[in-house]
């Protein structure tokens, strides 16, 4: 029988056991355009969450929910774990995540600016910036993943 020391020195096994070794972070994804967009969305969502916590705590849940959803997508993409769920249409889910965030942050940002507090106005400004980042992300997803590709036969 092998001891724990022997298992550590052996190379990792191929197949099903190799997938259970842990979550390796893909550093090339984090430096790609999609990774930078997700990191920017995560940071701005956290800033808006802090602003709503300081001013209007009623809108804090929307920012927290979008923060957690964006964090989950960043984790799934950075670890390549989303590839294990091959029945889900990930580009479509990501596109819907961006659209829902655009709608939520537009409504919440304009509702928060009516309170005329300093933190609420800051949340409004960051919310508009975040909406533009989410809109750019949705545009890039649509252009690269969802838009039907045109071929020469389709143009005739």
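In case you wondered, yes, glycine gets a Cβ from its N, Cα and C as well.
Residues or ranges marked as domain 'MARVEL' in TrEMBL: 29-146.
Positions annotated as transmembrane segment by TrEMBL: 36-56 (among others). With a cut-off of 8 Å between Cβ atoms, the residues of this chain six or more beyond the transmembrane segment (36-56) that come close are 30, 62-64, 66-67, 70-71, 73-74, 77, 101, 105, 108, 112, 115, 117-120, 122-123, 126-127, 129-130, 133-134, 136-137, 140.
Through the fold, the transmembrane segment (62-82) approaches residues 23-26, 29-30, 34-35, 38-39, 41-42, 45-46, 48-49, 52, 88, 90, 94, 97, 101, 104-105, 108 of its own chain, all at least 6 residues removed from its boundaries and within a Cβ separation under 8 Å. The annotation transmembrane segment is assigned in TrEMBL to 62-82 (among others).
According to TrEMBL, the feature transmembrane segment maps to 94-113 (among others).
Under the heading transmembrane segment, TrEMBL lists 119-139 (among others).
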Item to check | Per-residue pLDDT averaged over the domain 'MARVEL' (29-146), given as an integer | outcome: 89
